[in-house]
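Encoded as structure tokens, the structure appears first; notes follow it.
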Ligand SMILES: NC(=O)c1ccc[n+]([C@@H]2O[C@H](COP(=O)([O-])OP(=O)(O)OC[C@H]3O[C@@H](n4cnc5c(N)ncnc54)[C@H](O)[C@@H]3O)[C@@H](O)[C@H]2O)c1
Ligand SMILES: O=C(O)C[C@H](O)C(=O)O
């Protein structure tokens with residue numbers, strides 16, 4: 001018999017929510033052998049819009065969808081949750097400084113962490129999508145002391161997918177030929193998309209690219225600033241591609257990464273590669289039996305070391321800022 005999983009999506013009435021929910025309900029998140037009960041969390045003003053989305057979900061008659069609950073109460077939303085997708089966040093608006101943004105999001109992710117701590121299922125897995133994703137994940141995690149710390153993750157899979165496509169376009173190869181491309185650090189413009197371990201077929205990607213100038217001045221900035229480029233072009237931030245990456249992240253975590261493949265996930269550091277313990281930073285991971293492990297033993301050259309240090313320094317600044325605000 002198909003097992004049944006509670007999936008909570010916050011910010012369900014937003015644009016990512018709209019791109020995400022139908023894919024979850026159709027079985028793309030957890031597989032065709034898993035039934036899903038959806039819990040949608042929204043702010044009171046957006047509950048009606050979430051109800052509209054729920055009506056559409058119903059109208060799809062998805063065989064795996066067992067039910068939909070909608071609430072504006074975090075405790076209710078996370079009671080018994082197995083998979084928590086924290087998408088809803090406070091966007092930066094005109095005149096808002098970075099500290100204001102961190103403070104506003106602290107007001108969201110602190111109570112959500114507490115609610116996860118109070119009611120989540122023992123096997124809960126949390127993915128934070130709402131920005132600043134790494135630090136929001138840290139805030140939630142710090143308020144859920146009874147949940148194993150490693151269950152709190154943040155999303156850099158969209159950056160990884162973007163990097164795969166940029167490299168595939170450059171080399172004119174299908175994305176399926178590429179493996180082991182890694183995103184390190186923060187989901188921000190300081191992130192480090194790293195080609196130094198990537199292979200295309202059985203050849204090193206850097207050997208095929210053979211153009212360090214392209215790597216440094218085109219590839220890395222294009223991937224790192226892609227979010228801003230999408231906002232500029234669409235007039236709104238990425239939504240379907242972000243939802244797709246969230247599906248990829250959880251699917252790999254639960255069902256395992258493909259043989260020989262890595263995934264980029266922002267996870268609490270265990271001190272690997274000199275990243276201070278506890279920071280939620282992106283690493284290459286391998287997933288198996290429902291768990292992820294940071295890939296160990298990689299050679300990090302001088303260029304990569306400096307890039308990783310820069311993005312990690314930004315994460316430390318964000319952590320220190322939320323500490324100062326009393327959010328962690
Ligand atoms: N990590 C990534 O790769 C990535 C990529 C794209 C977007 N994002 C981020 O994802 C977030 C959502 O993007 P979007 O385009 O869906 O935004 P959106 O504004 O369309 O939707 C956000 C929704 O969250 C809801 N919300 C706000 N506070 C809430 C709370 N306390 N509880 C529950 N819901 C709440 C809002 O009512 C809104 O419906 C943003 O922070 C965006 O920057 C991250
Ligand atoms: O919302 C943003 O600032 C951009 C988003 O995180 C993205 O990478 O598309």
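Using the three backbone atoms N, Cα and C, a Cβ is placed for every residue, glycine included.
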*11, 12, 13, 14, 15, 16, 17, 105, 129, 130, 131 bind NAD(+) per TrEMBL; candidate in 112, 141 listed for that same site*: 112
*Taking the Cβ of residue 17 (NAD(+) binding site) as centre, how many other Cβ atoms lie within 10 Å?*
25
_Per-state residue totals over the domain 'Lactate/malate dehydrogenase N-terminal' (6-147) - DSSP helix, strand, coil_ = 64 helix, 28 strand, 50 coil
*When you measure from each Cβ to the nearest atom of ligand 2, which of the binding-site residues 15, 17, 130, 131 fall under 6 angstroms?*
131
*Which of 98, 162, 187 has the fewest nearby Cβ atoms, counting only those within 10 Å, among these recorded positions?*
98
